[in-house]
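Heads up: the structure comes next, in structure tokens.
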Amino acid sequence: MSNLTVGCLANATVCEGASCVAPESNFNAILSVVLSTVLTILLALVMFSMGCNVEIKKFLGHIRRPWGIFIGFLCQFGIMPLTGFVLAVAFGIMPIQAVVVLIMGCCPGGTASNILAYWVDGDMDLSVSMTTCSTLLALGMMPLCLYVYTKMWVDSGTIVIPYDNIGTSLVALVVPVSIGMFVNHKWPQKAKIILKVGSIAGAVLIVLIAVVGGILYQSAWIIEPKLWIIGTIFPMAGYSLGFFLARIAGQPWYRCRTVALETGMQNTQLCSTIVQLSFSPEDLTYVFTFPLIYSIFQIAFAAIFLGIYVAYRKCHGKNDAEFPDIKDTKTEPESSFHQMNGGFQPE
């Protein structure tokens, strides 16, 4: 583990060769607690507003006939761990670095995907149901995927899965979204106003999280170039593979966009927690910043994705044919199966 040449900071407390970990200052510690609390509250409010765009009937339709969710499951716990494994082997990174890349690939989808799904006119009902199900299934799928893919480098038993954090994430997602769904059911006009405000707040929140992460962990920015490259390729691969798999499965374009975002947008906060619980300070020197790098590039590529879609919309307008629920009621309706799930049948 000594093949990195990083100059030690003057205030480093843990050093090994030419590598070091700087202690967290009191200011950073206080700032971290305050901002974590504020961001958690803001995230709950944003998810409440996103729930205001979810219809109970359609949401339950995805649960009863979970074809879209099944595609998302294949992407989340099939494509992402495998992609992480391929990247780790291809770049020949250190074992501990390979494990962290795989931890990222095995994490469930992040809530930011719900916000972005709204901005790209995705299927919000599918987005929320996919995020909820992937977080719930992560309780079993994360240990399984880590066991399968990491055993060539480490004993998977040394990796600590924070089940309490996963449970907290699930509650923080389900409760505000459920309240939002109720508001949308009872007061649809008010829900539209809440949604508009929340969507703007959500965009600001995504940028704020990235900026805060950069401030809090600026002492760990010196990291091996290979991890920067992997952190760049990984989210883009997730978005692309998720989109193409959904399209191959016969999903309409707006659901392909949704599945793509749900696949590439990982829960980086959960990954950071697992890394901190599983590795010593000396080991963190080599890997601690990777979740932040992934977070930055997943947001950057999502922003590019959004920009391309907005430009396309301005040139061609919204294609109403891909949104069954807003078609003229005089036209012959699609089958309820296709309306709810898109199935595996082509358009």
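Heads up, the Cβ atoms here are built off N, Cα and C, so glycines get one too.
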When the topology given in Swiss-Prot is taken at face value, are Pro66 and Ile193 found on one and the same side of the membrane? no
Thinking of Cβ pairs under 8 Å, which stretch from 128-148, 226-246, 290-310 has the most of them with the transmembrane segment (84-104)? 226-246
Six or more residues out from either end of the transmembrane segment (226-246), which same-chain residues have a Cβ under 8 Å from its Cβ atoms? 71-72, 74-75, 79-80, 83-84, 87-88, 91-93, 97, 101, 104-105, 255-266, 287, 289-290, 293-294, 296-298, 301-302, 305
Find the average pLDDT over the topological domain 'Extracellular' (180-196) in the predicted model and report it. 88
